[in-house]
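Written below as structure tokens is the structure these notes are about.
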Amino acid sequence: MKKKIRVLVVDDSAFMRRCLKDILENEEDMEVIDTARDGNEAVKKAVELRPDVITLDINMPVMDGLTALQYIMSLAPCPVVIISSLSTEGALTTFEALELGAVDFVAKPGGTVSLGIKQLADEIVSKVRIAALSNKELLSSSRNFKKLLKRRNQEVTRKVYENKISKKEIVVVIGVSTGGPKTLMEILPYLPSDFPAAVLVVQHMPPGFTQSFAQRLDQSCNLKVKEAEDKAFIEPGTVIIAKGGWHLVVERDSRSSKLITRLTQKPEETLYKPSINVTMKSVLENVDGRNIIGILLTGMGDDGADMMVEIRKRGGLTIAESQETAIVYGMPRAAVERGGAEIVAPAYKISDILLKKVNEYARTSEY
């Protein structure tokens, strides 16, 4: 018999604890081994019971979720799925939790909670399953990993390009899902302000969170980071975050022929919105393949893998995050297995690779 996923449910609301317990125990491969009503209880039970996954509320008495998360990651590292409020303040707190080691989050519904939480049952179950597959060794080593990154990148952030102005349109497309916010924080802040390429980031994320995510990244990066807008020009030295609930595509402006972003609901049938494949395909249709860099980071499934193959066929550079640092080695693995990854590297080396390659692209003669 297959081993069940052992879940610890943490929420200060008895009603929410009961709802989450019912949702999870309705699945044959899951069992709720215990519940906790505050962060203090959560830490004690995490150490004592060693669950496979914890669902964690943020706003709780005695000890809040963020404090509890730090103790859990230090004393009993475990994949954590945050159950968070869909408010501006809630979104910012959620990203702080993701940077501290939580692997994913589910937005608590507004209005009637009893109806809303049941509508989210499929999402909750799916994210708990994916969390159970995450690389637990990375959770326990996250603090040392961050220290290594800070040390290694002190000089990198001060690099200045000899060729600041390039006539080439160099576009970097990054696709990422579960574990993405933490991984992106290990790459984007180490790119200099004169980075001569535009960066498009497609992070699987629900509506209402990507604006706060872009703002948080903007505070940490040398590059300008913003949420995608319809009909906005794509400029070098800018990071554009795909808007939750919309596909991000690239087109040519009819007057200037410059690259612009478009937000669209089509195609409707994709599993994710935004979709990595959709964005990469549109970039391939509008930019010389030799000036494209495709990157696939941590995440479940295979979104982006097919287009990584196409980018490589057209002469672009493709990079897949290695299993060494991927929280969930799904999407990068798919790219590697399909022959879509020219380079396979841990997250902490990707900024260096980008700096080197984009500088080479910018300095070579025009095609």
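Any Cβ shown, glycine's included, is placed from N, Cα and C.
When secondary structure is read from DSSP and collapsed to three states, SER177 (active site) falls in the coil class. Summarising the environment of SER177 (active site), the number of other Cβ atoms within 10 Å of its Cβ, over all protein chains shown, is 26. Summarising the annotation, Swiss-Prot assigns active site to SER177 (among others).
Every protein chain shown contributes to the tally, and the Cβ of HIS204 (active site) ends up with 23 other Cβ atoms within 10 Å. Per Swiss-Prot, the feature active site maps to HIS204 (among others); the stated evidence is sequence analysis.
Taken from Swiss-Prot, the feature active site covers ASP303 (among others). Around the Cβ of ASP303 (active site), 26 further Cβ atoms fall within 10 Å across all displayed protein chains.
According to Swiss-Prot, the feature domain 'Response regulatory' maps to 6-123. DSSP assignment over the domain 'Response regulatory' (6-123) gives 56 helix, 28 strand, 34 coil.
Taken together, the residues in the domain 'CheB-type methylesterase' (165-361) have a mean pLDDT of 95 on the 0 to 100 scale. As annotated by Swiss-Prot, domain 'CheB-type methylesterase' applies to 165-361.
For ASP57 (4-aspartylphosphate), the same-chain residues that are 6 or more apart in sequence and have a Cβ closer than 8 Å to its Cβ are VAL10, ASP11, ASP12, SER13, MET16, GLY65, ILE82, ILE83. Residues or ranges marked as 4-aspartylphosphate in Swiss-Prot (evidence: sequence analysis): ASP57.
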DSSP, reduced to three states, assigns ASP303 (active site) to coil
Give me the Cα-Cα distance between ASP303 (active site) and HIS204 (active site), rounded to a whole Å.
-> 10
Rounded to the nearest Å - Cα separation of SER177 (active site) and HIS204 (active site) = 5
